[in-house]
């Protein structure tokens, strides 16, 4: 669907730079004739693709966010972030209709020239490094438990239960070879599997709420313990505020980020229109919000204040040999190991575009960039102590930029409406919200680190 700009009413009079560098949507409503047969993705499949882009490792950190904000506090924040994410998609769709481009980077090019494109590409690089690090952190924390689930007796201290060593082995033997491939389209199917595995995880979290007693046992051998009548540690809080509450909005921003995929989905939509794609967006974000809320709620009601920043760790501790939980871990780990190369692909493409755009593409450059990115990601995953740090820092910086700040800024720059129009005022409010929340969250997270 990408190609040179066609002369149409929706195309701008002048393109900033070489026309062949702009990815143009050929099936925008203004470019269609009445007799053109309707082709492309159905409404339902487009919703699935959008949810597939949304759902990821962030779901594992939302129960921790609820534990530190309370059920009502979490619900309010989740609705705010989901609503603003939907609104920012609306702004992107408006700009796509106006400029006829299908790439987030090219919107940056239209708005602020080559500087805007490089800024967006750099933000996407950092965002993808954070996403890959979060996935490999899951490998480090969950693979030893998954291996132990298949073993009998106490094998603690064995090399094959060392999370860092297993992370290094899987990265060298699986992730790096797959990331080296110049074309990894066949791995796209695993992205769909990842979505189904996350939904499966959410369902199991709901079911297993009644498998772990409260108060939590001091030993993992919960089958020998009686459920205590004490309810002091088993009261859900409607509102709660602590130093850890600062991770809530960044984790949600990290979890709802799908904006780099929205424009391609729009152009693949059957009978595309801004209104129809907005219905896709509202449906996809709404269903994702529901899944997020249910998994966060039941995860919180299982562990209450003892919930881990990565939810699976609690089940590894209290249900180490539960067959269903072992299958969940294996499914999530399988999806993670095959999804990381997919995330790596656009990150490498962005690095080559930003830093090596004037050099001819060669295998040496390809291998060196791949090796460098993988080394950075593995080092982060090995030495970052907690996944909440990834959600917090990446969520408050790059996720906030891609989710709130850039869509608002681009709309303010590209829209021809009066500045006092409702849409421009909304875009301005979105930018202010993103800057304030991002900076405040990042500063408080850093203070929290210094405090500890």
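Using the three backbone atoms N, Cα and C, a Cβ is placed for every residue, glycine included.
Remember, TrEMBL labels are computer predictions, not curated facts.
For 40-446, the entry in TrEMBL reads domain 'Amino acid transporter transmembrane'.
Long-range contacts of the transmembrane segment (42-65) within its own chain (CB-CB distance under 8 A, at least 6 residues past either end) are made by residues 74, 77, 131, 134-135, 138, 191-192, 194-195, 198-199, 201-202, 244, 247-248, 251-252, 254-258, 261-262, 265, 268-270, 276-277, 279-281, 283-285, 287-288, 291-292, 295-297, 299-300, 303, 307-312, 336, 339, 387-388, 391. Residues or ranges marked as transmembrane segment by TrEMBL: 42-65 (among others).
Feature annotation from TrEMBL assigns transmembrane segment to 71-97 (among others).
The transmembrane segment annotation in TrEMBL covers 118-138 (among others).
The transmembrane segment annotation in TrEMBL covers 158-179 (among others).
Annotated transmembrane segment per TrEMBL: 186-207 (among others), in sequence order.
According to TrEMBL, the transmembrane segment annotation covers 247-267 (among others).
A Cβ distance under 8 Å defines the sequence-distant neighbours of the transmembrane segment (279-303), meaning residues of its chain 6+ beyond its ends; these are 43, 46-47, 50-51, 54-55, 58-59, 62-63, 65-67, 71, 74-75, 78-79, 82, 85-86, 89-90, 93, 198-199, 201-202, 205-206, 208-209, 212, 214, 216, 236, 255-256, 258, 262, 265, 269, 311, 314. According to TrEMBL, the feature transmembrane segment maps to 279-303 (among others).
With a threshold of 8 Å between CB atoms, the same-chain residues lying at least 6 positions outside the transmembrane segment (323-343) that come near it are 56-57, 128, 131-132, 135-136, 138-139, 142-143, 145-146, 149-150, 170, 174-175, 178-179, 181, 184, 187-188, 190-191, 193-194, 197-198, 200-201, 204, 207-208, 312, 315-316, 377. Positions annotated as transmembrane segment by TrEMBL: 323-343 (among others).
Nonlocal intrachain contacts for the transmembrane segment (355-384), taken as residues 6+ away from its ends with a CB within less than 8 angstroms of a stretch CB, comprise 129, 132-133, 136-137, 139-140, 164, 167-168, 171, 175-176, 179-180, 182, 340, 344, 347-348, 390. Residues or ranges marked as transmembrane segment in TrEMBL: 355-384 (among others).
What TrEMBL lists as transmembrane segment is 390-412 (among others).
Residues or ranges marked as transmembrane segment by TrEMBL: 424-450 (among others).
Comparing 118-138, 158-179, 424-450 for CB pairs under 8 angstroms to the transmembrane segment (71-97), the maximum falls on 424-450. Looking at which of 158-179, 247-267, 390-412, 424-450 has the most CB pairs under 8 Å to the transmembrane segment (118-138), the answer is the stretch 390-412.
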